[in-house]
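The annotation Na(+) binding site is assigned in TrEMBL to GLY74, VAL77, ASN81, ASN339, LEU463, SER467. What TrEMBL records for 698-715 is compositional bias 'Polar residues'. For 716-733, the entry in TrEMBL reads compositional bias 'Low complexity'. Residues or ranges marked as region 'Disordered' in TrEMBL: 680-733. Annotated transmembrane segment per TrEMBL: 68-86, 98-119, 146-168, 228-246, 253-272, 300-321, 333-354, 451-477, 489-508, 520-541, 562-587, 607-632, in sequence order.
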Amino acid sequence: MPKNSKVTQREQSHEHVTESVADLLAHEEPLDYKNSSLNVGGAAGKKVPQIEVPENDGRPAWNSKLQYILAQVGFSVGLGNVWRFPYLCQKNGGGAYLVPYFILLIIIGIPLFFLELAVGQKIRRGSIGVWNYVCPRLGGIGMSSLMVCGFVGLYYNVIIGWSIFYFFQSFQYPLPWSDCPIRKNGTLAIVEPECDKSSATTYFWYRQTLNTTSTIAESGGLNVKMTLSLLVAWIIVCLAVIKGIASSGKVMYFSSLFPYVVLFCFLVRGLMLKGSVDGIAHMFTPKLEKMLEPQVWREAATQVFFALGLGFGGVIAFSSYNKIDNNCHFDAVLVSFINFFTSILATLVVFAVLGFKANIMNEKCLFFFLIVQVRGSIHDLIPPHVNFSHLTTSDYAEMYGVIKTVKEDGFAQLGLEPCVLVDELNKAVQGTGLAFIAFTEAMTHFPASPFWSVMFFFMLINLGLGSMIGTMTGITTPVLDAYKVQKELFTVCCCIVAFFCGLLFVQRSGNYFVTMFDDYSAGLPLTVVVILENVSVAWIYGTKRFMQDLEDMLGFRPCIIYFYLWKYVSPLCLIVLISATVIEMAISPPGYNAWVQELAQERFQSYPPWALAMCFALIIVAMLPLPVVFIARHFNLMSDGSNKLSVSYRKTMMKDMSNLEEQDEARFILGAKPGEAPIAPARRPYLTPGGNKPMDPNSLSPNSCYGTSYQNAAISPTTPSTPDTPVTPESDS
């Protein structure tokens, strides 16, 4: 114990001594409250040293800043950047879509991403611990995040399993999806009818990979190949996260950087292909009238929301392993823009390849036209100026129109296709259709196609692995923070349970359940979670208090625009997004696209009653912790979670409420006489954005939602503290 500490001085003077609450909690020497960076009693404007986390804190830490940034990038940059952003860009006005996306990234994405990074770094806990600390009554936020992470992890790893299957199938020449299989019928050899009606890549996906049934009601039993692929995927994820950030951090060096190597290689190779420039030009030709449609803004907001991984808990979990003085504002801006530019890079690659594919399809149309022309059935209709040795798409379009007009009823028998390049490019699809059908078909025309196929699916595996590491961290970190369980054993158990639950998705009808979980398990629940995160920090904890915490933590006050974004703009935008999502779900018939074997094409089908009930059950289960925890803690039926916090965490929270001046310390902790109530010390004024209007110190009442049990412990040494004391929000007005 320091020789000059007040407790030591009083011991030497033989005065009665009562230990401070901090000493009782930490069981070690009193903390230097005056020099704490979270001291809210210091003079305004005075630069305060930052908190140094004790070496015996026991919490793991990132080996380097680069490792942490790569982890956040790996989590936020996922499969959606490759197969959803390009589709939304093509669907919603090409280059014009980038304008609403960028605007919403600035006013929603970066502020909320910054908020999650900051609360995780300050409180140094996972999602459950963070929201128990900010407002115990809204502690269900962390539990809902954990539930959503569980649902998403179940089906997301199935997609990684599909990629693993295609990865190993790519080590063949020619690629197994290059041509339709041949069926022998006696002495005749005919092309598989289902493949002939669709395409070789489509047939390989639906029949040889998934072997899918025609409806969700037909289970069809387990698909052995997909089951083994899913097992391999969970083994890889388990090995990556079994040691926490000690193992996942090292994996991120490769899984986060390798996809960029592949994307740049594909971009260079794609630009060398015939027709790639047409695809990129089509992609970025702006359709400005689309910007006036509300649907475009809604989809842009949704994409911003999910691209950054908001609400999953992975962002908070990763940042909780940072040093307390890390510049999380810089991290938020950097990761957000890396995510944005990755989406643009992926869009360039996708449409360069799709432009090449569209050009190939046009050439097939022209070749078929030449065959029909040679037969003589339309020879007399060909204009004399047409040169068949250099037949262009414009020439073909002219002849197609003439022949269609002249032939009329007999035109359909010719089998001619319009072969319009724009129409081919407008057929761009999203999700699995893009990755496993359209892109794979284009790669069959590449020189050295197996090499490019191996690279592409290895990239998908790494993109998915980065996101899965963040998702699993969002599950394991909150639980490990609250309960003393062995990290390795808990991680292995989670992966085993998840694998057996994931067998639902590797039935022959499993693809339809993947679609169901993707549509219903995350969208609405995550939006509700994020708006409650925003409200709990900006309106309950208090925007002014949060800005002051950031100044103490970072050493500078963030730009004043964040005050207004957190308090007004982001909540309003999120409310509009929730409303639009609910309306969209109400007007859109719930259903899925089923592969009908007889027709060899997809057909929309409505969910049967039991599947519809399952859809709404996913939403209810994910959001159920929110009202349950609120009601339980409102009526003191559940602890606020503080009894499960480590000693170092309690000590950090004590620093946050400590504001002792030297002359007031004895009176505050001990009282002038035994039994005398302590005099509350003056608190550091929380300033308004202008910095000139102090917040009313009376707003920090015993019912404050912030630091419940610890404030009560400091109010009176004669009154026992209880972690279940009800709380009320700080007034920010």
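Backbone N, Cα and C atoms are what each Cβ position is placed from, and that goes for glycine too.
This view paints the features noted in TrEMBL onto the structure.
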residue : record             : Cβ contacts under 8 Å, 6 or more apart
GLY74   : Na(+) binding site : MET252, SER255, SER256, LEU465, GLY466, SER467, ILE469, GLY470
VAL77   : Na(+) binding site : SER256, PRO259, ILE338, ASN339, THR342, LEU463, GLY466, SER467
ASN81   : Na(+) binding site : ALA307, ASN339, THR342, SER343, ALA346, LEU463
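Contact check: the transmembrane segment (146-168) against the transmembrane segment (333-354) gives fewer than three Cβ pairs closer than 8 Å, residues 6 or more apart, which falls short of the contact criterion. Residues GLY74, VAL77, ASN81, ASN339, LEU463, SER467 make up the record's Na(+) site, and a Cβ search at 8 Å around their centroid adds VAL73, PHE75, SER76, GLY78, LEU79, GLY80, SER256, PRO259, THR342, GLY466 from the same chain. Take the transmembrane segment (300-321) and the stretches 228-246, 253-272, 333-354, 451-477: counting Cβ pairs under 8 Å, 451-477 has the most. In the shown protein chains, 29 other C-beta atoms lie within 10 A of the C-beta of LEU463 (Na(+) binding site). The Cβ neighbour count for SER467 (Na(+) binding site), using a 10 Å radius over every protein chain in view, is 28. Of all Cβ atoms in the protein chains displayed, 24 besides its own lie within 10 Å of the Cβ of ASN339 (Na(+) binding site).
In terms of C-beta pairs under 8 Å, the stretch of 68-86, 489-508, 520-541, 562-587, 607-632 lying closest in packing to the transmembrane segment (228-246) is 489-508. Fewer than three CB pairs closer than 8 A are found between the transmembrane segment (333-354) and the transmembrane segment (489-508), and contact between the two stretches is not assigned (pairs 6 or more residues apart).
Spatially, the transmembrane segment (253-272) is adjacent to the transmembrane segment (68-86); three or more Cβ-Cβ distances between them are under 8 Å for residues at least 6 apart in sequence. For the transmembrane segment (489-508), the partner stretch with the highest count of Cβ pairs under 8 angstroms, out of 68-86, 451-477, 520-541, is 451-477. Beyond the transmembrane segment (451-477), the same-chain residues lying 6 or more positions past its ends with a Cβ under 8 Å from any Cβ of the stretch are 71, 73-79, 81-82, 125-127, 145-146, 149-150, 152-153, 156-157, 159-160, 163-164, 166-167, 170-171, 175, 236-237, 240-241, 244-245, 248, 251-252, 254-256, 258-259, 262-263, 265-266, 269, 309, 312-318, 320, 435, 439-440, 443, 487, 490-491, 494.
Taking Cβ pairs closer than 8 Å, the transmembrane segment (98-119) reaches residues 89, 130, 134, 291, 296-297, 300-301, 303-305, 307-308, 310, 315-316, 319, 328-329, 331-333, 335-336, 340, 344, 530, 533-534, 537, 546, 549-550, 553, 558, 562, 565-566, 569-570, 573-574 in its own chain, all 6 or more past its ends.
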